[in-house]
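What TrEMBL says about this one:
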- 8-18: compositional bias 'Basic and acidic residues' (COMPBIAS)
- 14-157: domain 'Tubulin/FtsZ GTPase' (DOMAIN)
- 159-304: domain 'Tubulin/FtsZ 2-layer sandwich' (DOMAIN)
- 1-49: region 'Disordered' (REGION)
Amino acid sequence: MPNRSPRTKPDASEDKEFGQANGYVGRIDLSASPTSMRRGPGATNAPILSERDRPCSEIVRSVSRSSGLSGISLIRRWDRIGLHFLADGAAVVEPYNSILTTHTTLEHTDCAFMVDNEAIYDICRRNLSIDRPTYTNLNRLIGQVVSSVTASLRFQGALNVDLNEFQTNLVPYPRIHFPLSSYAPVISAEKAFHEQLNVNEITNSCFEPANQMVKCDPRRGKYMACCLLYRGDVVPKDVNAAITKIKTQKTVQFVDWCPTGFKVGLNYQPPTVVPGGDLAKVPRALCMLSNTTAIAEAWARLDHKFDLMYAKRAFVHWYVGEGMEEGEFSEAREDMAALEKDYEEVGIDSIGDENDDIDY
C-alpha cells in the first residue's frame, strides 16, 4: 500500500478500488477544490457566488469506484443534484464503496438520478445491436440523459424546467430522493429510417423496464411523482393525449396519498448525436424522471452483495488501513436498511381522494 501524506488529495491511480477510504483521507485538506469547482471552467476571473445566490448545480459521479472526492464535494455542499452510478461489478469491493458513499452523502444530496451500468450495457446490446459495448457507447447514451435533464438551462422551449424544480416535484421526503431515469428512443442509425416514433410511442417506451437506466420493475412498485422532459418536434396536444392514455394502463400505479400528477417540460431543441456514432439522430425524444418505490430493488441487490462480503469481513482491513473505522460499515448498512424500509412505507396505501393533474 503506497504511503501518502495525510494532507494531500489521494492519487486516483492509487488504490482506486478503495475510493471511499481514499475520500476519508482526502477530507483533511481539500481547501483549493471548492474555489475551482464553483468558478467553473473558463471563468477563473468570475466572482465566487455564495450558496444562496448561485444557481443549483449538478455533479456526475460514481458511487462504486473512486467515490471519495465526489462524496466530499456533496458533504461540503458544493453540489446538491447529481447523476449517480451504481456498482457495475468491475471491482470486487464496489458494493462496499457504493453503500459507504451513499450513507455518507445521503443527508447532503437533494436529488440523485440513478444510473446502473448493467442496465446501460443491456440497452446498448438490445437497442443498438452492440455485442460488446465500450465506455464510449455507454457514455454517449448517458450523455443523452444528462443533456435532456439540463436542456432547459441551455435552450429555449415552451415549458422549461430547471434543476430546482426536479427537487420540488420529485422528492416527497428528504431521504426518498433517488428518481429513476428512462430515455427513448434509443435506436441505431439503420433502424431510424423506418422507425420514426411519435410522442405516444416514446412516452410508452419510457414506462417500459427495457428503457430504464436502472434494472428494476416499476410494475411491482408505485410511482410517487413523474417528470416528462420532451425535446424536439413535440406539441402539448400530443403530450396530453399520451399522458391520458398512460393513466388508463393498470401497470402504471401511483401511491394514493400523492396526486397522480405529471410534471412536463417541452424544449424546442432536438437531441444532438455524435456524427457517425451508434445513436441515430431523431426529431424528438423523451427523458423521464420518476420517483418510484421500485428503485428499492436496486438498493436491496446492492445490500445483499455487501452482506455477503461483510459477513466474512473480507477486504475490510484495507479500509481500516486508510483511516476508516470498522464501525462505519455497520452504521452504513443500518442506514441502507432504513432506506429500504422508508421506500416500503411510502408505498403503503392511505385513505384519501385522488386528484389527477398534469402540471406544466
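Using N, Cα and C of the backbone, Cβ positions are placed for all residues, glycine too.
Secondary structure of the domain 'Tubulin/FtsZ 2-layer sandwich' (159-304) per DSSP, as helix, strand and coil residue counts: 50 helix, 34 strand, 62 coil. Confidence for the domain 'Tubulin/FtsZ 2-layer sandwich' (159-304), expressed as mean pLDDT, is 91.
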